[in-house]
Amino acid sequence: MDPARPLGLSILLLFLTEAALGDAAQEPTGNNAEICLLPLDYGPCRALLLRYYYDRYTQSCRQFLYGGCEGNANNFYTWEACDDACWRIEKVPKVCRLQVSVDDQCEGSTEKYFFNLSSMTCEKFFSGGCHRNRIENRFPDEATCMGFCAPKKIPSFCYSPKDEGLCSANVTRYYFNPRYRTCDAFTYTGCGGNDNNFVSREDCKRACAKALKKKKKMPKLRFASRIRKIRKKQF
C-alpha cells in the first residue's frame, strides 16, 4: 500500500471498484445475433452432415443436413452448442419474425413499419398493399409496431448469476434463471451475493418473471383476425 495514501481512501476506492464490477455483472451479455440470425445455409457441397442451426422463425435450434463446405456461422455440431450460443435471442410474437415482402408492382405505395429481428427495432418501408389479407410483419406506424413486437423487459439484476455469497450459513433463497425463465432455489450463505436473491419463489416471480408472461394486446389491423389464430403459438 502507498504509505502516502490514507487508509480510508484506499478502502473507499476498493468499495467503489467492487460496486462497479457488480453493476457490470448484472448486465446481460451479447446475444450472438450476428450469428444466430443468419439464414439457414446448407453449403454447395454434397455431404450429409448432421448439424444444428438457430431458426429465427421458430426461435429454437433445429437439425439440418450440412453439405460439408462453406455455408455460414449459424452451424453447430450439437443442439447444446446451438442453444448455448443463441438462447439469449429475445422472444417476440410470431408475426414479428416474418420476412417483409415489398409490393413493387402495386400502385399507391404507403408508408408502413416492420419489426427487424436483427436490430430489435421497427423500421420504415413502403408497401403497395397488394396482399391485405395475408398475415404479415406490417404495421401502420412505429408506435403500434414497437408496442406489439418489442421484447418484454425485465430488471437488469434478474440477469445476474446465482451467487451463494461469502459466509457459511445455509439459507434457502431463490434466483431468476434467465435461460429457462424460471425461479429456482439455491443455498445462500448469509452475506455478500447480488440482487438476484429472493426470500420466496413468489417474490422472484413478481420481480423477474411476471413481465415476461404478460400478454400484449393485439393491435387492430386488417389482418388481426388471422393473427389471433397464431397467438397460441407465441412464446
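Any Cβ shown, glycine's included, is placed from N, Cα and C.
Swiss-Prot annotations:
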type: DISULFID; residues: CYS36-CYS86; note: disulfide bond
type: DISULFID; residues: CYS45-CYS69; note: disulfide bond
type: DISULFID; residues: CYS61-CYS82; note: disulfide bond
type: DISULFID; residues: CYS96-CYS149; note: disulfide bond
type: DISULFID; residues: CYS106-CYS130; note: disulfide bond
type: DISULFID; residues: CYS122-CYS145; note: disulfide bond
type: DISULFID; residues: CYS158-CYS208; note: disulfide bond
type: DISULFID; residues: CYS167-CYS191; note: disulfide bond
type: DISULFID; residues: CYS183-CYS204; note: disulfide bond
type: DOMAIN; residues: 36-86; note: domain 'BPTI/Kunitz inhibitor 1'
type: DOMAIN; residues: 96-149; note: domain 'BPTI/Kunitz inhibitor 2'
type: DOMAIN; residues: 158-208; note: domain 'BPTI/Kunitz inhibitor 3'
type: CARBOHYD; residues: ASN116; note: N-linked glycosylation site
type: CARBOHYD; residues: ASN170; note: N-linked glycosylation site
type: SIGNAL; residues: 1-22; note: signal peptide
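Structure coloured by features recorded in Swiss-Prot.
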{"residue": "CYS36", "record": "disulfide bond", "CB count, 10 Å": "23"}
{"residue": "CYS45", "record": "disulfide bond", "CB count, 10 Å": "13"}
{"residue": "CYS69", "record": "disulfide bond", "CB count, 10 Å": "10"}
{"residue": "CYS96", "record": "disulfide bond", "CB count, 10 Å": "21"}
{"residue": "ASN116", "record": "N-linked glycosylation site", "CB count, 10 Å": "17"}
{"residue": "CYS167", "record": "disulfide bond", "CB count, 10 Å": "13"}
{"residue": "ASN170", "record": "N-linked glycosylation site", "CB count, 10 Å": "10"}
{"residue": "CYS191", "record": "disulfide bond", "CB count, 10 Å": "10"}
{"residue": "CYS204", "record": "disulfide bond", "CB count, 10 Å": "24"}
{"residue": "CYS208", "record": "disulfide bond", "CB count, 10 Å": "24"}
DSSP three-state assignment (helix, strand or coil) for CYS122 (disulfide bond): strand
C-alpha spacing of CYS183 (disulfide bond) relative to CYS45 (disulfide bond), in angstrom: 45
DSSP helix/strand/coil residue counts for the domain 'BPTI/Kunitz inhibitor 1' (36-86): 9 helix, 15 strand, 27 coil
Euclidean distance between Cα atoms of CYS96 (disulfide bond) and CYS183 (disulfide bond), Å: 28
Cα-to-Cα gap, CYS167 (disulfide bond) vs CYS158 (disulfide bond), nearest whole Å: 22
C-alpha spacing of CYS208 (disulfide bond) relative to ASN116 (N-linked glycosylation site), in angstrom: 25
Cα-Cα distance linking ASN170 (N-linked glycosylation site) and CYS36 (disulfide bond), given in Å to the nearest integer: 40
Residue pair CYS86 (disulfide bond), CYS208 (disulfide bond) - Cα distance, angstrom, rounded: 20
Using Cα positions only, nearest of the disulfide-bonded residues to CYS122 (disulfide bond) (CYS69, CYS191, CYS204): CYS204
CYS61 (disulfide bond) versus CYS191 (disulfide bond) - Cα distance in angstrom: 39
Nearest recorded site to CYS145 (disulfide bond) by CA-CA distance, among disulfide-bonded residues CYS61, CYS82, CYS96, CYS158: CYS96
For CYS82 (disulfide bond): intrachain residues, at least 6 apart, with Cβ closer than 8 Å: TYR52, TYR53, TYR54, CYS61, PHE76
Across the domain 'BPTI/Kunitz inhibitor 1' (36-86), average pLDDT on the 0 to 100 scale: 96
